[in-house]
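What TrEMBL says about this one:
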type	residues	note
DOMAIN	11-217	domain 'YjeF N-terminal'
BINDING	Asn61, Asn62, Gly63, Gly64, Asp65, Gly127, Phe128, Ser129, Phe130, Ser131, Gly132, Glu133, Asp156	(6S)-NADPHX binding site
BINDING	Asn62, Asp123, Ser159	K(+) binding site
Amino acid sequence: MAMKTLSAKNAAALDKDLMSIGAFSLDQLMELAGLSVSQAVYRVHPPSRGRRILVACGPGNNGGDGLVAARHLWHYGYKPTIYYPKQSKNDLYQRLATQLKNLNISFTDDFPTALKETDHIIDAIFGFSFSGEVREPFPAVIRALEETRIPVTSVDAPSSWNIEEGPPKEGPGANFNPEVLVSLTAPKPLVKYFKGRHFIGGRFVSPDIKEKYDLSLPEYEGIDQVVEVGNNGQKL
């Protein structure tokens, strides 16, 4: 049975509904998304496997999710390093970055060197709204993610992938398939091209929004913010 997915158009509409009908603020949703990502990383890469986490953040909401995840991971005992080359001047993102700096979490502009000194990577560069060409300085970063043997967890979408059509036919990301994907709110159509461990995160969907978008979401257990699912969307 094919997994029910959420198109890019519906994902954008659902986000708007969460902030209007659902009465969530953007920073609330980002906090819950980043918390989900941090829990998924803890599941697949517990501290015993290495505490160094490199978080690659883009300039938009996906990058914000990565900044939140890094803060939670620090509190779990990890040692995050942040690659955030296009820092937004938006107040929310500035505050998220300041929160990390207050914890003495390192920021770096040297991705290749940071890559040699980490145990796990979070790809929080581009999310479901990405389209078009990968712009500087990210082509080299995505090529490095393609080539590295260090495990990568992607947030909502492997960066450079089209939300509907999956990896690009050529160029940066054509051969990028991370070990882990955390689909936020609900899986997107690109999951049919993904071959790794798949988690659903974002435990904030109300019954009316779930019904409106005909979402088929697995049940979360206890205090968990993520659920691991198989290729058919069934809980593992």
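Glycine is no exception: its Cβ is also placed from the backbone N, Cα and C atoms.
Because TrEMBL annotations are produced automatically, they should be read as predictions rather than curated entries.
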For this session: Tell me the Cβ neighbour count for Phe128 ((6S)-NADPHX binding site), meaning other Cβ atoms within 10 Å of its Cβ, over all protein chains shown.
Result: 26
Exercise. Using an 8 Å cut-off from the Cβ centroid of Asn62, Asp123, Ser159, can you name the remaining same-chain residues around the K(+) site, in sequence order?
Worked result: Ala56, Gly58, Gly63, Gly66, Ala124, Ile125, Phe126, Gly127, Ser154, Val155, Asp156, Ala157, Pro158
Seminar exercise, completed: Candidates Asp65, Asp123 (binding-site residues); min other-Cβ count within 10 Å returns Asp123
Exercise. What are the non-local neighbours of Ser159 (K(+) binding site), defined as same-chain residues 6+ apart in sequence with CB under 8 A from its CB?
Worked result: Ala56, Gly58, Asn62, Asp123, Ile125, Phe126, Phe130, Val134, Phe138, Ile142, Leu145, Gly173, Phe176
For this session: Give the sequence-ordered list of residues that share a chain with Gly63 ((6S)-NADPHX binding site), lie 6 or more positions from it, and have CB atoms under 8 Å from its CB.
Result: Cys57, Tyr84, Ser88, Tyr93, Ala124, Ile125
Seminar exercise, completed: All chains considered, the count of other Cβ atoms within 10 Å of the Cβ of Phe130 ((6S)-NADPHX binding site) is 20
Seminar exercise, completed: Same-chain residues at least 6 positions away from Asn61 ((6S)-NADPHX binding site) with a Cβ under 8 Å from its Cβ, in sequence order, are Leu26, Met30, Gly127, Ser129
Problem set entry | Rounded mean pLDDT for the residues that make up the domain 'YjeF N-terminal' (11-217) | 95
Seminar exercise, completed: Comparing local Cβ density (other Cβ atoms within 10 Å) for the binding-site residues Asn62, Asp156 points to Asp156
Seminar exercise, completed: Neighbouring CB atoms within 10 angstroms of the CB of Gly132 ((6S)-NADPHX binding site), all protein chains considered, total 6
